[in-house]
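Undergrad: I'd like to ask you about the structure that follows.
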Amino acid sequence: MSDSPVTLPESIKLTEYSHGAGCGCKISPKVLSTILASQLPVFTDPNLLVGNQSRDDAAVYKLNDDIGIISTTDFFMPIVDDPFTFGRIAATNAISDIYAMGGTPIMAIAILGWPINKLPAEVAQQVVDGGRQACMEAGIMLAGGHSIDAPEPIFGLAVTGQIALTDLKQNDTAKAGDRLYLTKPIGIGILTTAQKQKKLQDEDSHIAVNAMCQLNTIGTTIAKISGVNALTDVTGFGLAGHLLEMCQGAKLTAKLKFDAVPLLPRALDYLALGCVPGGTHRNYDSYGEHLPELSEHQKAILCDPQTSGGLLVAVSAEAEAELIDLLDAHHIAPICIGSLETPTTEVNVVLC
């Protein structure tokens, strides 16, 4: 991972300039549903294959019978203190939505909000350079953008991608019998909250950063497995929230093996110190009625907001071995965390 090219004064800590952190500052699903409930007449475009109706990771527009264009945007406030790393994480997170649809990114433009009377422009320059670094790693140009004077630092991207329509994966197309796999461990919200609470040990500072800077490029290859029936990335709504979207969209119930859910190193240690982000509580308040009765420990893990989290994959039993081989080849632990079944209960997720 590249270091920031310019040394900043130790006194500049970006997380002290924001009230939220990363995807943990997302508006809750319940409130977002109210915001998106338009009062205008319905307008449709037959070439818009994926839009607001399905709560998916990105929009997809059909260009012709073979190719679709993917469009997405994502931005947030600082989740780490280092400007370059913040920009890199924000960009990595935004690009992830393209991979979550099974596509390939082709271009990005930047979104920057900056408190120009509080933080030097040179700090913003490093944030943008961090975004450029992530774009270069994804093989795309940061081709432009827009900036405003804002009370808190905000950075992200609008990303354009393309996809062969035969490879398109959505988050609401899972099937009964599918197995569930996760490509990154959970716990980013816990560890970044430990940093914000000044409880994070120096030797642990790399754990969440390394995870957040890892591009989900494997999504493009996963999508080529015909038995992968649904795909999404796990971000601000937590594992439970994004799993619920998958279940509700396909009218299925998930049997989740809680003890199999992979966790980042030291996540449980910092959870024991009370490092629970506010987004965890907002997530549970928003969708807890669709979950089984959970302990506080289970809530803290399943509802932990992830920033630049991994991919949640629903794969048929017949194609499971092919997915396992692919994950192994990319040095990702192929751990099955559950399965999807025809509903037998009013809740969408049960623990087993």
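Every residue, even glycine, has its Cβ placed from backbone N, Cα and C.
What Swiss-Prot records for this protein is below:
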{"type": "ACT_SITE", "residues": "CYS23", "note": "active site"}
{"type": "SITE", "residues": "LYS26", "note": "site 'Important for catalytic activity'"}
{"type": "BINDING", "residues": "LYS26, SER54, ARG55, ASP56, ASP74, ASP97, GLY145, HIS146, SER147", "note": "ATP binding site"}
{"type": "BINDING", "residues": "ASP57, ASP97, ASP233", "note": "Mg(2+) binding site"}
Undergrad: In whole Å, note down how far the CA of ASP233 (Mg(2+) binding site) lies from the CA of ARG55 (ATP binding site).
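TA: For ARG55 (ATP binding site) versus ASP233 (Mg(2+) binding site), the Cα atoms are 12 Å apart.
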Undergrad: Could you name the residues, excluding ASP57, ASP97, ASP233, of the same chain that surround the Mg(2+) site, i.e. Cβ within 8 Å of the Cβ centre of those residues, in sequence order?
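TA: These residues sit around the Mg(2+) site: ASP56, ALA58, THR72, SER96, ILE98, TYR99, ALA100, MET101, THR232, THR235.
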Undergrad: When you rank ASP74, GLY145, SER147 by Cα distance to ASP57 (Mg(2+) binding site), which of the binding-site residues ends up on top as the closest?
TA: ASP74
Undergrad: Within its own chain, what residues at least 6 apart in sequence put their Cβ under 8 Å from the Cβ of GLY145 (ATP binding site), listed in sequence order?
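TA: Counting only residues 6 or more apart in sequence, the Cβ neighbours of GLY145 (ATP binding site) under 8 Å are ILE109, ALA110, ILE111, LEU112, VAL128.
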Undergrad: Quick one: pull the CA-CA distance for ASP97 (Mg(2+) binding site) versus ASP74 (ATP binding site), whole Å only.
TA: 9
Undergrad: In sequence order, what residues of the same chain, 6+ apart, have a Cβ less than 8 Å from the Cβ of ASP233 (Mg(2+) binding site)?
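TA: Counting only residues 6 or more apart in sequence, the Cβ neighbours of ASP233 (Mg(2+) binding site) under 8 Å are ASP57, SER96, ASP97, TYR99, ALA100, ASN216, GLY219, HIS242, GLY309, GLY310, LEU311, LEU312.
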Undergrad: With every protein chain in view, what's the tally of Cβ atoms within 10 Å of the Cβ of ASP57 (Mg(2+) binding site), excluding that atom itself?
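TA: I get 27 for this one.
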Undergrad: Using Cβ-Cβ distances, find the residues under 8 Å from ASP74 (ATP binding site) that belong to the same chain and are at least 6 apart in sequence, listing them in sequence order.
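TA: In sequence order, ALA90, ASN93, ALA94, SER96, ASP97, GLY156, LEU157, VAL159 meet the Cβ cut-off.
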